[in-house]
C-alpha cells in the first residue's frame, strides 16, 4: 500500500461504527459535510453541464457518480446501465466503486447497496474518499504529501501574515483570516488584508468565500455561521475547501510559468530578430558607405597648386581621422554582433543566421579590403603629387629667387660698363677702377654659375610640366640675352682700363701696400681693445697671476706695435708727397681699404688709455684673491683639527661602551664628565661656523687646504652628541635593570665581560651564534639536538622580538636578569588571588572591593571574565585567566 493508502486508512477511512458515532455525536459536522461535498461535486459536474441538489439522492442511480469520476480523473469509465431497476443502479455504483479501487484506494465498509439505498453516512464517506484520492493525495510540498503537504502549503503561504497560525484543518480556520491570507498571498488586489480584524470572523469568512466564488471560481462550500457556531469545524469540509484553493492557485502558477516560458522564448526570438535586422542595416549602411567612398579615392586628377593638393590631403586626413574610425568601429561591431547572434542562435537551438546575399561578413571584409587597397593607392598618389608640387614650387621659388638676385645684381651694370670715367681719373682712380673691374670680372665669372643654374631650373620646370612655364621661359631668355651683352661690355672696358694702368701704377702700389699693412694692424688694435676691456672671473691666486703675466707680455709688444703704426703712416705720407709733386688729381680715396690714418691714430690712443686701467683691475683682483686664500687656510687649519678630534672622540666612545670598568655609577659619572668635555668643545665649532660664513660671503667654492666641509663637521658633531647621549642612556637603563632585578655589580660585570668577549667585531651586538656561545659559557645547556635548538629559538624570541638578527647588551641584561632574579609570575599572582578568595577557584566583586584599593579593584572587575566552573555562583569572576593574561599567556 502506498503512502496515500496508509494515510487514508489510518486517518479518514474509519469503520462504519466510527462514522455512526461521529454523526450522532455532532450533527453539525454532517451538515457541513453535506454542503461542502455537494459544492465540491458541483464544481466538477458543471464542467459536464449538470449538478446535484441532494447528495444522498442524486448519486443513488450511479450515473452522476460515474460522470463525476470521469470529470475529475479525465478517464472514461465502463458504459453505465440505463435501466431504472435496483440492479441497474447497483451495477452503476459498483462500476464507480471499482474505478475508485483501481486507483489503489481501499473502500472500507462502503457497498453499492448502501449508496443505492441513500445511506447518508456511506455516501459522504464515499465522496470524502474521492476527494482524498483526486484532490488531496497528489498535493506534494517538499517531502510531504496529501494532508501534511496541504497543511505545509497553507503554513508556508500564510507565514508572513499576522494573527494567522495554521496548525490544523479545524479551529485554525475559524476566524477566517487563514482563507483571506491565502487569497491575498496570491491575489493581493482582491482583499485589503490590513483592514481585517481577528475579532470579526463572520466578516472575514464571508469576505473570503465571496471573493473566492467571484474571482477564483471556487464555489461556496462552507457557511460562515456554521464554522463560527461550531466549537470544532469539520476537518474534512475544511480540507476539501482549502484543497480547492491549492488547485486554483497551482493552476494559475502553472499558467504563469507556461506564459513566462512562452514570453522568454518569444523574447529570445525577438531579440535575435532585432540583432538580424541590426546586422542587415549596419551591413547595408557600411557597404553603401564603402561604395560611395571608393570612387572618391579613385579620383586621381592632379592639381596645379600646392594649396589645392594640400586641401585634398587635408580632406583625406579628415577622412582618416573623422569618417573612417566610426566605420572601423561599425565593422568591428558588425562582426561582434554577427558572432553574438550566431552564438545565441546556437544556444537557443535556432538555425544559424544567413545574411542577405552580398552582406556576409566575408563580403564586407572583401569590400573593406578593396577600400583599404584603393585608400593606400590614393594616399601614395597624394604624397607623390605633393612631392612633385613641392619640387615644382621649390624649383619655381628657387628660379624666382635666383632670377631676382641676378636681375638685382645686373641692375646698372651695363651703364657702369659704358661710362668713360677713366679718361679724367687720376692714377689712383685708374688703378682702383682696374682693380674694381678685375673684381667685377671675378664677380661676373662667379655669376656664371647662377645663370647656368637659372637655365637648368627653367629646363627642369619644363620637363616637370610646370603650369607657368611660358613666363619662366621668357624671363630666362631675357636673362641669357642680357648676360651675353654684359660679357661683351666687360671685355671692352678692360681693354680701355689697361691702357692707362701703367700711368698710375706707382700710386696704386703704395695704396696697396698701405692697405695690406693697415688691415692686420687695425685687427690687432681691435683685438687688444677687446682683451683690455674683457671682464674676468677668477677663484685662485694662480689664475690672477696668469692674467697678470699675460698682461705684462702684452705691454712688452707695444713698442713694436708703435713702430708698425709709424711705418703705415709713412706710406700714407709718401702718397701725399707724390700727389703734391706730380699734381695728380686725388679726389678719390684708397680703393683697397676704408681704414684711414685718423682711425689708426684714434684706436692707438684708446689702447694706450686702456693699459693702465687693466693694471689697476688686475692689482685689485690679486689683493682679493690673497684675502680669499687666507680665509681658506684659516678654515682648513681649524677643520683639519676639529674633524680628526670628532673622529677620535667617536672611537673613544665606542671603546668606552665596550670596555667599561668599575661600577655602573662610576661608568655613568665618567661618561657624563666625558660628555661635558665634548660640550665644552662647542665654541670651536661655532668659530668654524663663523669662518665658513665668511667663505660663503666671499663666494669661495673649494678649499685645497682641507678635505673637511662644514657639512661634514656638522654631521660628525651631531653624531658625536647623539652617540654620547645614547651611551649614557644605556648605562642608566642598566642601572634601572640592576636595581629592579636585584642584580649584583659582580653579576653585571660578569655579564659585560661575557658579552664583550663574544662581541668580536666590537659592534655592540651579538649575532645568533655569538649569543649562543655566550649562553653556553654562562652555563646554559643548549645542545645541537632538536630540544636544544627549540630552547635557543625560545630565548631568541625573547631577546630579539623584532627578529633583527642581533642581540643588544640591554636585551642580554634583561634576559639574564629574568633568569637569575626572583620575579613575580602568573602562578604567583593566581596564588595571591586564591588567598583573597578564601581558597576558592573564583573571586567575587565584594571580595575584590574589600581586599584591593578602589581603582585597582574596579580595574580587575572590568577585565575579569565570568567564572564558568561547576562550583560557580552568581557574580563569580575568573581570576585565573585574568592572571595569565597579565603576563601575555592569554588575552584579556
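Positions of Cβ are set from backbone N, Cα and C atoms, glycine also.
A quick note: this is a predicted structure, and the numbers were derived from the prediction, not measured.
As written in Swiss-Prot, here are the features:
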| type | residues | note |
| --- | --- | --- |
| DOMAIN | 144-250 | domain 'Calponin-homology (CH) 2' |
| MOD_RES | 6 | phosphoserine |
| MOD_RES | 12 | phosphotyrosine |
| MOD_RES | 95 | N6-acetyllysine |
| MOD_RES | 195 | N6-acetyllysine |
| MOD_RES | 471 | phosphoserine |
| MOD_RES | 676 | N6-acetyllysine |
| MOD_RES | 677 | phosphoserine |
| MOD_RES | 890 | phosphoserine |
| REGION | 274-733 | region 'Interaction with DDN' |
| REPEAT | 274-384 | repeat 'Spectrin 1' |
| REPEAT | 394-499 | repeat 'Spectrin 2' |
| REPEAT | 509-620 | repeat 'Spectrin 3' |
| REPEAT | 630-733 | repeat 'Spectrin 4' |
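Working note on the modified residues 95, 195, 676: by count of other C-beta atoms within 10 Å of each C-beta, 95 ranks first. Here the CA atom of residue 677 (phosphoserine) lies 101 Å from the CA atom of residue 471 (phosphoserine). Residue 677 (phosphoserine) and residue 195 (N6-acetyllysine) are 97 Å apart (CA-CA, integer value). Taken together, the residues of the domain 'Calponin-homology (CH) 2' (144-250) have an average pLDDT of 90. Taking the C-alpha positions, the distance from residue 95 (N6-acetyllysine) to residue 676 (N6-acetyllysine) comes to 127 Å. Sequence-distant neighbours of residue 677 (phosphoserine): no residue of the same chain at least 6 apart has a C-beta under 8 Å from its C-beta.
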